[in-house]
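Taken from Swiss-Prot, the feature Ca(2+) binding site covers Gln96, Asp98, Glu104, Asn119, Asp120. For Cys3-Cys14, Cys31-Cys131, Cys38-Cys133, Cys106-Cys123, the entry in Swiss-Prot reads disulfide bond. Residues or ranges marked as domain 'C-type lectin' by Swiss-Prot on the basis of sequence analysis: 10-132.
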Amino acid sequence: NNCPQDWLPMNGLCYKIFDELKAWKDAEMFCRKYKPGCHLASIHLYGESPEIAEYISDYHKGQSEVWIGLWDEKKDFSWEWTDRSCTDYLSWDKNQPDHYKNKEFCVELVSYTGYRLWNDQVCESKNAFLCQCKF
């Protein structure tokens, strides 16, 4: 585990919650600038969800939802991770994703589900965000 203090080590990567509220693209750029190879977090296994949820619940100071690195760039329900990893696991909240009013193309962890379930949201919304890095 080479993760710095207050980062969550998991499956060879390190995850950190940032409480500053940013639009989705700005959050992704922040993660990329933090260190080469960093992105908004991708989640791949059922087992990763509770660990990430618990970490966010412990460290997230605000009440906001939390951006992860999943988005629908083509706006056709073909969800992709910004780190280009395969979209092999999805954990949507009920009745999601819905592209509500055809405006929701970025994915957040939903606070009232304890950050376990996902919702598609307007990408310009300001949320806290979860970066993942290799150290």
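Keep in mind that glycine also has a Cβ here, set from the backbone N, Cα and C atoms.
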Query - Residues in the domain 'C-type lectin' (10-132) grouped by DSSP into helix, strand and remaining coil - result: 29 helix, 39 strand, 55 coil
Report task. Between the Cα atoms of Cys133 (disulfide bond) and Asn119 (Ca(2+) binding site), find the distance and write it as a whole number of Å. Result -> 23
Requested in this report: By CA-CA distance, flag whichever of Cys38, Gln96, Glu104 among the recorded positions is nearest to Cys123 (disulfide bond).
Outcome: Glu104
Query raised in the report: Along the domain 'C-type lectin' (10-132), what average pLDDT does this model show?
Result: 96
Report summary line: Going by C-beta under 8 A and a gap of 6 or more residues, the same-chain neighbours of Cys31 (disulfide bond) are Cys38, His39, Leu40, Gly69, Phe129, Cys131, Gln132, Cys133
